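Student: Submitted below is the structure of interest, expressed as structure tokens.
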Number of protein chains: 2
Amino acid sequence: MATGRNHRPATRSRGIPEATVARLPLYLRALTALSERSVPTVSSEELAAAAGVNSAKLRKDFSYLGSYGTRGVGYDVEYLVYQISRELGLTQDWPVVIVGIGNLGAALANYGGFASRGFRVAALIDADPAMAGKPVAGMPVQHADELEKIISDNGVSIGVIATPAGAAQQVCERLVAAGVTSILNFAPTVLSVPDGVDVRKVDLSIELQILAFHEQRKAGEEADAEAASRKGPDGDMPAVMPA
Amino acid sequence: MATGRNHRPATRSRGIPEATVARLPLYLRALTALSERSVPTVSSEELAAAAGVNSAKLRKDFSYLGSYGTRGVGYDVEYLVYQISRELGLTQDWPVVIVGIGNLGAALANYGGFASRGFRVAALIDADPAMAGKPVAGMPVQHADELEKIISDNGVSIGVIATPAGAAQQVCERLVAAGVTSILNFAPTVLSVPDGVDVRKVDLSIELQILAFHEQRKAGEEADAEAASRKGPDGDMPAVMPA
DNA sequence: ATGTCTTTGTGAACGCGTGCACAAAGATAG
DNA sequence: CTATCTTTGTGCACGCGTTCACAAAGACAT
Ligand SMILES: NC(=O)c1ccc[n+]([C@@H]2O[C@H](COP(=O)([O-])OP(=O)(O)OC[C@H]3O[C@@H](n4cnc5c(N)ncnc54)[C@H](O)[C@@H]3O)[C@@H](O)[C@H]2O)c1
Ligand SMILES: NC(=O)c1ccc[n+]([C@@H]2O[C@H](COP(=O)([O-])OP(=O)(O)OC[C@H]3O[C@@H](n4cnc5c(N)ncnc54)[C@H](O)[C@@H]3O)[C@@H](O)[C@H]2O)c1
């Protein structure tokens, strides 16, 4: 994702739409749960309910992968787990580095959900000399000076940034220069990267603000319903622009 | 967001599209940075670059809020900060509770970015009796038994779930029953909620899997380019379905 | 073998979001 | 006051994603 670009123009990789790719992990999680309960087959209706999506959407999503269902029966759970895993690239091992081992970075390092799929934390990296060598989640933190060597030695292509916002762009550039081509960014900044590098962001603050917007709207609608008969339809908005 | 529904059918609140709402916090962040540098006005082109979006998109987004720009000049930074803050509901105080004070919950509690906008951590809640009373981020953890009282006493309408996946749905139901109408979910589960309750999810595992997909595709394209002349266009896929 | 019944896979319609391109607005200079 | 120049606000077209609705496919019973 390059500077200022946040939607993929023609990246329907092998014809698989981006929106579908984003839902495959959801299906995979639901299927894994079924697999653990030894359920042999599942219908699109049942699986869709478990994944929290529309069944027509699920069938269309699967149709991009191929015809893996059996009409009148449904989908073979184990087979579908394998197919989706393969499509997502989870049949191979993905070494990941986490940069910035503070509150959040340490929590991520301790997170078990990493290893559960093919992701393996290859190294924890921090710029603070006091952190170097300290064990976090049973793994010694390495100094940022080693970044390039770590990436190269372990063949890391996915990096997680959990540094303060001010350091994120610089860390990003070092990661990319060292060979990382996918970045998961937790710092509240827009990252600029060259073409061919994917960036996904997780931003708590943005999520909360979106919730606040809808929350305010709900409160406003209640108030509107109450005050509807008293005033005009327009609540309170200065029509003129100051300054 | 009700069970299985993940896009808002007719929620263009006052005509503001959901996609626009999701970008407003991005603009707000860029504008705040400009404001701190005492920049008086900014053009759509400059602001769009700072926020990492297309300038036409930015102008269209702002047009949903009203005509706040001046042709030939641009937008007044301070005024726009105020308007967007107001639109997002950030001019008021939003008390938030965090449920599940483990690795992640503690990191969230320690996160400074919460208070920077109108969000205030009203309480930290955990089910573990050993946690009760223990200070985290300078605040005593309260036991889950107190959940309903805390929500009610503080007028909390936004809840953050950072419990294990198995507990999330149950915690969610208690939050909703107690009056919470917006939930930010970090647990890897699909939450079922009644109409009128918004759920947003943050899922590290899904983000990584999406990155892995594109990563695999990049690697595959390189391999394809290399092996293009040797084999047919279809790499390796069993055409038959087993079992 | 034939019929019934379930469920998939997909064609088609629709709506939303994006980005182009330009007319209108207003600032600024002469 | 007029001309020029910059930048906004938006009409329009296009493409993606979602959903409906149904024909085709196959399982299963008789
Ligand atoms: N804590 C949260 O819950 C939370 C939530 C959302 C977003 N964030 C964001 O995540 C980031 C980290 O948050 P945190 O609470 O862990 O902060 P923190 O201050 O606890 O940790 C940051 C760590 O990054 C290290 N660091 C600084 N510069 C570095 C560099 N150039 N290279 C390598 N390491 C470097 C620091 O030494 C420190 O250990 C911040 O950008 C924050 O805004 C945090
Ligand atoms: N740690 C991460 O980086 C990370 C990343 C992504 C997702 N997650 C998810 O976030 C959640 C929390 O992760 P974690 O690493 O902090 O786990 P954790 O086990 O460290 O913490 C979970 C906490 O929730 C508490 N809890 C359990 N049941 C509860 C209940 N019914 N009510 C209130 N509290 C309850 C536990 O006592 C514990 O303190 C998990 O669902 C995990 O999958 C974590």
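Cβ from N, Cα, C; glycine included.
Just so you know, TrEMBL annotations never went through curation; they're auto-generated.
Keep in mind it's a predicted model, so treat the numbers as computed, not measured.
Below are the features listed in TrEMBL for this protein:
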- B:26-65: DNA-binding region (DNA_BIND)
- B:89-190: domain 'CoA-binding' (DOMAIN)
- B:G100, B:I101, B:G102, B:N103, B:L104, B:G105: NAD(+) binding site (BINDING)
- B:219-234: compositional bias 'Basic and acidic residues' (COMPBIAS)
- B:219-243: region 'Disordered' (REGION)
Student: What residues elsewhere in the chain lie close to the DNA-binding region (B:26-65), defined as a C-beta under 8 angstroms and at least 6 residues from its ends?
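Tutor: Those are 15-17, 20, 73-78, 80-81, 83-85, 87-88, 90, in sequence order.
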Student: Excluding near sequence neighbours, so keeping only residues 6 or more apart in the same chain, what lies with its CB under 8 A of B:G105 (NAD(+) binding site)?
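Tutor: Result: B:I98, B:V99, B:L124, B:D126, B:V160, B:A162, B:T163.
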Student: At a 10 Å cut-off from the C-beta of B:G100 (NAD(+) binding site), count the other C-beta atoms across all protein chains.
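Tutor: The answer is 26 other Cβ atoms.
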Student: In three-state terms from DSSP, label B:I101 (NAD(+) binding site) for me.
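Tutor: Coil, per DSSP.
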Student: Please count the residues of the DNA-binding region (B:26-65) that DSSP assigns to helix (H, G, I), strand (E, B) and coil.
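Tutor: Within the DNA-binding region (B:26-65) the tally stands at 30 helix, 2 strand, 8 coil.
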Student: If you draw a 10 Å sphere around the Cβ of B:G102 (NAD(+) binding site), how many other Cβ atoms fall inside it, taking every protein chain shown into account?
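Tutor: I count 16 other Cβ atoms within 10 Å of it.
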Student: If I take every residue in the domain 'CoA-binding' (B:89-190) and average their pLDDT values, what number comes out?
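Tutor: Mean pLDDT across the domain 'CoA-binding' (B:89-190) comes out at 97.
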Student: Near B:I101 (NAD(+) binding site), which residues of its chain come within a Cβ-Cβ distance under 8 Å, counting only those 6 or more away in sequence?
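Tutor: Same-chain residues close to B:I101 (NAD(+) binding site) (Cβ under 8 Å, separated by 6 or more) are B:A109, B:L124, B:I125, B:D126, B:M131, B:V136, B:V141, B:A162.
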